[in-house]
């Protein structure tokens, strides 16, 4: 690839990435503002309102931090020092962990809400909001502890002269870890991913089974009230199911790209493509939630 082609490719990736970030920031800002206005107007909150509002706030902050880091990838300037590099990268990774934790807990919460009264999960409905909040806090603190090694391994490297450094941005890079530390960190991350994504898969499978039962029951009964109720539950649950499926697929694809980049190819272009993939979920999710809000849809149609 000649220099002109390389610059053209770099420019296209930059424009695409910043467009993605801009769309994601707009969508999450709108969704967060909607939930804030809804809260202050005294509307009766749904059990899912808190995690959805929290998720939009997390994604908003994550995309803002990603935009700042991206300026150091696509735009040449004087660079950052060690403190700025450590702070931004650690904050970004922590927000990504929060996104995973909140998404997983949202899936579990929706499964609890959908459970019939005769099911054991229905017992958690009354305290589900409090329990989910505590679980999110616990998992977030745990993940931030796992990611604390970044405060040591991230460093400012204006002039990279060693191939062992892993590219993060023009000013920041990741110092190589010892084999033992890398193994411990990788194991902890894998356990975290398996646990949280496993919760999503279990809760998603549970909801699919319940929806199937609702559908069969609605077909057997002639009453309209049950059909309407089942339809409302279907709409809410299908939104979560779609997001969970999309999130799991993006997580798997992100892991594949990340591993291939670490093992085979490490350059600014491949990294730029990687960070574009990482933010697809944060960009798309607010619009999925917005499309299910009747108040917003009615206003937009009017």
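The backbone N, Cα and C atoms fix where each Cβ goes, and this holds for glycine too.
In Swiss-Prot this protein carries:
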DISULFID  85-172  disulfide bond
CARBOHYD  159  N-linked glycosylation site
TOPO_DOM  1-16  topological domain 'Extracellular'
TOPO_DOM  38-49  topological domain 'Cytoplasmic'
TOPO_DOM  71-91  topological domain 'Extracellular'
TOPO_DOM  115-131  topological domain 'Cytoplasmic'
TOPO_DOM  153-193  topological domain 'Extracellular'
TOPO_DOM  215-238  topological domain 'Cytoplasmic'
TOPO_DOM  260-269  topological domain 'Extracellular'
TOPO_DOM  291-302  topological domain 'Cytoplasmic'
TRANSMEM  17-37  transmembrane segment
TRANSMEM  50-70  transmembrane segment
TRANSMEM  92-114  transmembrane segment
TRANSMEM  132-152  transmembrane segment
TRANSMEM  194-214  transmembrane segment
TRANSMEM  239-259  transmembrane segment
TRANSMEM  270-290  transmembrane segment
Note the mean pLDDT of the topological domain 'Cytoplasmic' (215-238), expressed as a whole number. 60
May I ask whether the transmembrane segment (17-37) has at least three C-beta pairs under 8 Å with the transmembrane segment (92-114), counting pairs 6 or more apart in sequence? no
Any residues 6+ beyond the ends of the transmembrane segment (17-37) with a Cβ under 8 Å from its own? 49, 52-53, 56-57, 59-60, 63-64, 66-67, 70, 74, 272, 275-276, 279-280, 282-283, 286-287, 289-290, 293, 295-296
Let's check the environment of residue 172 (disulfide bond): how many other CB atoms sit within 10 Å of its CB? 25
Could you give me the DSSP helix, strand and coil counts for the topological domain 'Cytoplasmic' (38-49)? 4 helix, 0 strand, 8 coil
